[in-house]
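Feature annotations, courtesy of Swiss-Prot:
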- 26-46: transmembrane segment (TRANSMEM)
- 57-77: transmembrane segment (TRANSMEM)
- 99-119: transmembrane segment (TRANSMEM)
- 149-169: transmembrane segment (TRANSMEM)
- 183-203: transmembrane segment (TRANSMEM)
- 227-247: transmembrane segment (TRANSMEM)
- 295-315: transmembrane segment (TRANSMEM)
- 323-342: transmembrane segment (TRANSMEM)
- 354-374: transmembrane segment (TRANSMEM)
- 395-415: transmembrane segment (TRANSMEM)
- 418-438: transmembrane segment (TRANSMEM)
- 484-504: transmembrane segment (TRANSMEM)
């Protein structure tokens with residue numbers, strides 16, 4: 001009798017444990033509904049691809065786009081909810097993480113229309129391209145909400161693997177293969193360095209992997225000012241530096257930008273920086289809270305090197321994509337200012353605001369490059385000479401996006417930089433802000449050089465590419481032009497829109 005009672009109690013306890021273990025992921029899964037929509041979209045794409053023919057190609061774009069739009073909608077409906085830590089501490093939802101997830105989804109939503117005509121012209125496989133884009137987006141979203149060292153390592157690897165495959169998507173292109181090999185080798189090395197830094201952090205905290213628990217562990221073990229934390233800081237900074245691509249971790253960027261398909265470059269140029277910025281902000285602000293006197297000077301050096309080298313080397317480039325690669329290195333230097341300033345002086349809000357404008361400016365520029373490349377087959381800056389005489393709309397759109405990237409008033413880029421530099425100045429980063437102002441002037445110089453070429457009417461400067469330029473019918477490139485128009489409008493928003501955007505960004509801070 002006693003044996004039967006004990007046996008029944010054991011069965012009941014086992015059942016409760018099983019139900020609790022089953023209920024936990026099911027309950028937590030309801031809080032990652034935006035990510036779940038993307039996963040469902042991925043499965044649907046695979047199912048349709050395995051049962052359809054080439055006539056169903058428009059459905060692939062529709063499913064991908066609607067999945068991203070629905071994910072954005074679900075994310076907005078979740079706005080203002082209480083912060084939650086899910087999946088036994090692996091994932092955290094709060095407004096700060098969600099605004100970065102929104103930016104990543106926005107990037108992907110704008111990038112897919114840029115790819116439609118390009119993929120058809122280059123005869124690339126469509127389904128795989130969309131699968132890689134959605135999977136990379138999913139990895140970036142999980143990285144934004146990652147709350148422990150394992151997830152912070154696995155999520156960017158998901159993003160990176162898709163990035164490697166996308167950069168080498170044109171397999172017959174030698175430059176694309178070279179770019180992929182460099183990207184893969186540098187990415188593998190940086191991941192090894194990053195996980196080595198995590199091992200120092202894990203050991204110093206007494207075996208903790210959650211970000212907040214690492215802080216508590218460092219306090220308990222009295223290791224928060226130890227040499228081990230300094231070593232971890234250096235290795236983690238180098239590992240994250242590859243994702244952000246500041247100088248001197250920028251060597252892969254120009255080659256990958258030049259060799260990869262242009263829509264892929266547009267996608268990588270914004271999503272990788274948004275996801276890495278979200279991760280870097282949380283890592284530096286939480287586990288290395290007690291080491292701010294060490295990582296502030298370290299990031300200042302990276303920001304100065306990025307702003308100077310990126311903008312100076314961009315002057316000498318002859319390829320539009322290589323020029324934008326070095327320009328992006330300079331741009332990440334400005335973003336680092338916001339990370340250094342932190343929450344105290346509105347640094348995070350200014351960083352988020354500037355990244356929102358940077359997405360529109362950069363994607364608008366790449367949309368123009370994709371259109372010009374499809375119609376002429378060239379990427380050389382000199383071949384843009386006289387474009388205004390053949391296609392004023394495209395030339396003006398490119399000019400507006402470049403001027404906004406340079407930070408000329410009254411365009412959006414000017415007000416984004418102004419707020420970012422003002423927050424840096426209030427935080428006492430006078431030298432860093434001065435370097436930022438100087439390099440912004442330098443960037444305006446090489447952007448104006450390109451705009452001068454666009455507007456020139458002298459026949460001796462116009463190359464055969466523009467002389468034989470034929471504008472495609474409206475129905476042919478309407479998806480690219482739609483993305484371009486949206487980005488150009490967002491890049492030219494006057495400063496009157498800054499206050500509500502900054503207010504929303506400030507409300508998201510943790």
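Glycine residues also receive a Cβ, built from the backbone N, Cα and C atoms like all the rest.
Contact between the transmembrane segment (99-119) and the transmembrane segment (183-203) is not supported: fewer than 3 Cβ pairs lie under 8 Å, counting only residues 6 or more apart in sequence. Residues of the same chain lying 6 or more positions beyond the ends of the transmembrane segment (57-77) and with a Cβ under 8 Å from any Cβ of it are 33-35, 37-38, 40-41, 44-45, 48-49, 98, 101-102, 105-106, 108-109, 112-113, 116, 126-127, 130, 133-134, 137. Packing against the transmembrane segment (295-315) from elsewhere in the chain are residues 233-234, 237, 241, 246-248, 250, 284, 288, 323, 326-334, 336-337, 339-340, 429, 432, 435-436, 439, 442-443, 445-446: each is 6 or more residues past its ends and has a CB under 8 Å from a CB in it. Beyond its flanks by at least six residues, the transmembrane segment (418-438) meets 300, 303-304, 307-308, 333-334, 337-338, 340-342, 344-347, 349-351, 353-354, 407, 498, 502 of its own chain at Cβ-Cβ distances under 8 Å. Long-range Cβ contacts of the transmembrane segment (354-374) within its own chain (Cβ-Cβ under 8 Å, at least 6 residues beyond either end) map to 103, 106-107, 110-111, 114, 117-118, 121, 262-263, 265-266, 269-270, 273-274, 277, 320-321, 324, 328, 331, 334-335, 338, 384, 387, 394, 397-398, 400-402, 404-405, 412-413, 415-417, 419-420, 472, 477, 480-481, 483-484, 486-488, 490-491, 493, 501. Under 8 Å from some Cβ of the transmembrane segment (227-247) lie the Cβ atoms of residues 156, 186-187, 189-191, 193-198, 200-201, 203-204, 218, 253, 272-273, 275-277, 279-280, 283, 288, 290-291, 294-295, 298-299, 302-303, 305-306, 308-310, 328-329, 332-333, 335-336, all in the same chain and six or more residues away from its ends.
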